[in-house]
């Protein structure tokens, strides 16, 4: 063939050519008598070749045909076969020289092969058929391997609805042709330029079209074949509002979209099946970065792999946002080139995160694009939408009601565009409102928007949403208006406050309204809410700015539809408690045996016995209660619920696989109650935390075991005494237990070898969960310490290094290397700007915690074990003496300068808990004297207590025996 054809084209051509050759063989068989055996042998081999081609043709039409069509091996084998058959057909085709006129009494055809030629030809046909069969077997093996790889990958947890092409995103638009053209060209250039930076940050105010651009980029790159994955954050949607399964979701998409990557992701999972539970950074490295790098050798891997991450500001935790920014922006250069397209609002956490990685990203401020460009794009959008409206409306009405071809007119479109700039959300919301076929004539609805705009001088959000809200009550009597506003605050106020979206059915049952009433009130709000036709599908905000507008405290006095966020939380908390009180009971799913494990249950079983509104209530009641600034009576309601249904609530969450959320809720409630004056509720919650901590693993595995766990609780446990009658009757002889919980609050497990050092953070936050595993040292870690603000951790190791970690993200920010032997001790200065380290090499080094530079070196006669900074940070207190700091780097050969001899040691404060002298603990400070300011001057200690009390003490170190 003159040029390479695809597999499908090659197969069709080969089948056709095989048929021609077989036809010629049949003709020779009839007319040539002296070569019957040779002709028959060649015919059989060509027929076998044709059968192989037909088999391949059938496979191409099957479910795995798409993957076979991409095979270069098969293309090459089919081309060889086609060329071989072409030569054979040409030789067999009767020519003038081989035709003999029959009237001379001779045969019409002469066989064109000698016997030895036939042998070679048959071998050629056989060889080509064998090659095709071999390549087909190889490709099918590869496909089966890919199927196996993908079967494993389907076990990765994913955030449903997070990808740009998911069902949840299918009705969201992309940029129209000829809009955002310069910006999209700039993004394409950034992706395709091998020297560009890894991260492109699109920063824009709410409503400027960031998500639309993100969807456009994702769709465009998907068509070009280099989109690796996309993730659209969504506030209030459980798996789309955090980083819990972000990396596994991206890895899953990556495996399906980029050829060859699936094998290496599966390899990472096989090597470490628990990788999904590791730190986000480690997941990124093992599930994304390394598989991409290993797949680079595959010829069909694209030169760039694009990831689109939208609405980063809708991620719940600020620390997670910073972490993600750092992970992407500090990613090692890859082949293929990794390109991460991020969008967010310009909120402070985002700006802070990017400022920490200055120079490692490319950014663009969306609302800084010239006004004339944005206005042009909005006009194109409005023209497109109004044209569609005219068509749809005119198709449903008579001639006398039809809109004219030029409606709404150039001046109206330009006026709307000028009001919209730079907010595309204004234009989109106006179009949805005007074009809503459930409501009045588009002309009338457009007049509503224009009239409000002419009267109003408020913000753009006010001009966007107020006409839509007020259209619900325009022209209605006062009592009807008040009823609609009241229902709006209950229904829509709940929707914008929910922790995760609910369907109309679930929402109506949660807030105790008839579904028809909810439907009726929502009918007027399709321009601001996504309301599915199916009542069991969740109702969502079309844009977060609608919520921002409704709950803005600045609108309280001027906007009748204003939603009191605290009141909405209060009401939702009460509704959650009501739903749980009426639905929760022992053995909610009717399990047949007390030891039934969740893993043996059908996955649909919990969903059938725990409806969506009950699931929501169980997960979120505590959050709503705390956010609602409750009154004392509200706490009484919570106390009654917990003392009646605590076990039932935990059982339900266990059935849902959410016991961790149960413990998180109780801990948050316990911390919140520390500021309240409700001792009875505080006591119960504190005991409930101990009870759940002690039995966490078994309750998470076997839901009904929560009732059996009562027999092992201390006899004076509040939970045990409250639910004594819930102890299973089949336990007839109760074990003897201790009276109270023991002093061990938690046993922290996870290390695989001995533990050398333990330290509390200064804010003393405790949960018992392993939040970060800090890995990087190559030998034992001997000492760890928190900075005074608890944002950093320093670790000292036998590998002769000190590492400084970000306590929130687990990232290693600095590696301090200069000691020649293992490091024994490390400590932060009081302002957290310096770090002191003591080593077996008989030196103390002072480091700048921000830059990692060694600023001071103190030589000792022997190694120091205990370190602390003096309060004024001009010296270091050790068990070898107190030494002055020069404030600049000095050579190891220069002798140290002592502030005071070791014979008359100075006082120092260690970690806010002990007053020390010469590195030895001298005076323990009680809890009420901690977490305040401690000043030490020679022999005087001044303590500023958190209560406001100031304690002064004098200590004579010389009198200590």
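Glycine residues also receive a Cβ, built from the backbone N, Cα and C atoms like all the rest.
Going by TrEMBL, these are the annotated features:
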type	residues	note
COILED	25-59	coiled coil
DOMAIN	198-346	domain 'NACHT'
REPEAT	774-815	repeat 'WD'
REPEAT	816-857	repeat 'WD'
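Sequence-distant contacts of the repeat 'WD' (774-815) (same chain, at least 6 residues past either end, Cβ-Cβ under 8 Å): 279, 281-282, 319, 322-323, 326, 756-763, 765, 821-832, 835, 837, 839, 847, 849, 851-852, 911.
For the domain 'NACHT' (198-346), the predicted model reports an average pLDDT of 87. Residue counts of the domain 'NACHT' (198-346) by helix, strand and coil are 75 helix, 26 strand, 48 coil (DSSP-based). Mapped onto DSSP classes, the repeat 'WD' (816-857) shows 0 helix, 24 strand, 18 coil.
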